[in-house]
C-alpha cells in the first residue's frame, strides 16, 4: 500500500473514531469517579457533548493518524511499538493543539470550551487522547479499506 493511501486511511479513521473513544472514556470516568447523577445531565446534552468532543478532538486525532501512518516500517509493523507511539503522539499532538487554540483565544468563544482547554482539566484532555491513540493504533490495521488494491497506484510502485 502506498504511503499516501495509508495516510488517508489512518487519518480519517483516527479523526472519526478517536474522539468517540475519548467520549466513551469520559462518560465512564464521570460515572465511576464523579456522581452518577452528573451522567444524566451529560446524556441529556449528549449531541452537544459529542459535537464539542469531535470539534476539539478531530484535528488532533487526524494528525495522530497521519503520524502513525508515517511511522517507519520497524516501528509500525510491531503492535506494541505502534500503540506506544500512537498514545504518546496523541497526547503530544492534543496538548500542542490545545495550547494553540488557547493562545489564539478567538476560537475559544464559550466558557465551556475555555474550561475544557484550560490547564485545570488534564483528565479531560490527556487520558482520552492517550487511550484513543493506543486503541486506534491497535485496531487500525483491522479496519476495512487498508487492503484494497488500486491498479492505478500499484503500477507506479
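Cβ coordinates come from backbone N, Cα and C, glycine included.
Residue 33 and residue 143 carry different topological domain names in Swiss-Prot and therefore face opposite sides of the membrane. Range with Swiss-Prot annotation transmembrane segment, chosen from 63-83, 84-104, is 84-104. Helix, strand and coil counts under DSSP for the topological domain 'Cytoplasmic' (58-83) come to 21 helix, 0 strand, 5 coil.
If you look at the topological domain 'Cytoplasmic' (58-83), the same-chain residues 6 or more away from its ends with a CB under 8 A from one of its CBs are 3, 6-7, 9-19, 89-90, 93-94, 97, 129, 132-134, 136-138, 140.
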